[in-house]
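Summarising the annotation, Swiss-Prot assigns NAD(+) binding site to 42, 43, 44, 45, 46, 47, 130, 153, 196, 312, 341 and lists similarity to another entry as the type of evidence. Swiss-Prot lists 153, 312, 313 with the feature substrate binding site, giving similarity to another entry as the kind of evidence. The active site, proton acceptor feature in Swiss-Prot is assigned to 248.
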């Protein structure tokens, strides 16, 4: 290479660092940051489906991500074998996602702290009632610049009214807020019309990432999840994205009740519409300033429709009506050790609405809780819909 093409110092004998940066570019040829290490916290049906995606994308972007993806697994014995060993040896979650191969760079780790050690990105995908306990075990164990993203569809009810300005919200705390409050790190969210079995089958679908620091964190998170069949859109309205993901499970319970009662698609359509109306009002009341456009993302109307026709909450609530069994019995029979988040979210939503005197303004949400709690008969739901304030 001729001297005219190489930046040199005045004495032409050695290169200055600034000259090298000007020649090569500070962000391209010379790498200033090591690849990000990713940990998936959770290994259920949804967590394992997401692991298939993340395991693939991390290998596709070796400059951005470390190729090894650690997945925290709550150890179980399945057919006489440790689940973690089955995942690591046969690359299959035989309990929660049987028949689907996990990428060989996804490594099951049973120790929570060990699974997160040195990680730069934490993907939370566990039932929402376990988040607080998990985060408390990680306090002081992760760097302050760690990014987190929650795929958890639920909310936290703060009975003490302590923490993130929850008093004016009747104790409402988003899962992302709970993670951020405990771990002191930035938290984004991913929600959408994403039934786990279909995602695992690589069926085309969309998802929404809610990222308050869209310019700083959005591009990396999109690379982590975006594929040909899992299309990601990033928005800044993270609170709305997250609440849509939580509240749609409550509406899906109502849809399941109407299915169990033998009503048709017209009635279910009414449930979906009224549920959407209550969702938009709930978001605007507790988190003023939401963007209406967010409800038209995958996290909004699309997820609501999908869950009311195909989700586990609908399925469980239909069986609850038809069999007369308790919710716990139905979950045990139908969900293979997992739980429906709708009934618990409905209870938490009701408690915070009741505390702020708003339960009468959200009759569908209120009815779902009371039916799940045995305080109202499922057949009374239609009367609730018939007398909804939207019809007055």
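Yeah, the Cβs are placed from backbone N, Cα and C, and that goes for glycine too.
Bear in mind that the values here come from a model prediction, so they are computed numbers and not experimental data.
In the three-state DSSP scheme, residue 341 (NAD(+) binding site) falls into the helix class. In the shown protein chains, 24 other C-beta atoms lie within 10 A of the C-beta of residue 341 (NAD(+) binding site). Note on proximity: among 130, 196, 312, the binding-site residues of the record, the Cα nearest residue 248 (active site, proton acceptor) is that of 312. The Cβ of residue 153 (substrate binding site) has 29 other Cβ atoms within 10 Å, all protein chains considered. Closest by Cα distance to residue 196 (NAD(+) binding site), from the binding-site residues 153, 312, 313, is 312.
The most densely surrounded of the recorded positions 248, 312, judged by C-beta neighbours within 10 angstroms, is 248.
The local packing around residue 44 (NAD(+) binding site), expressed as other Cβ atoms within 10 Å of its Cβ over all shown chains, amounts to 23. Between the candidate binding-site residues, 46, 130, the densest Cβ environment within 10 Å is the one around 46.
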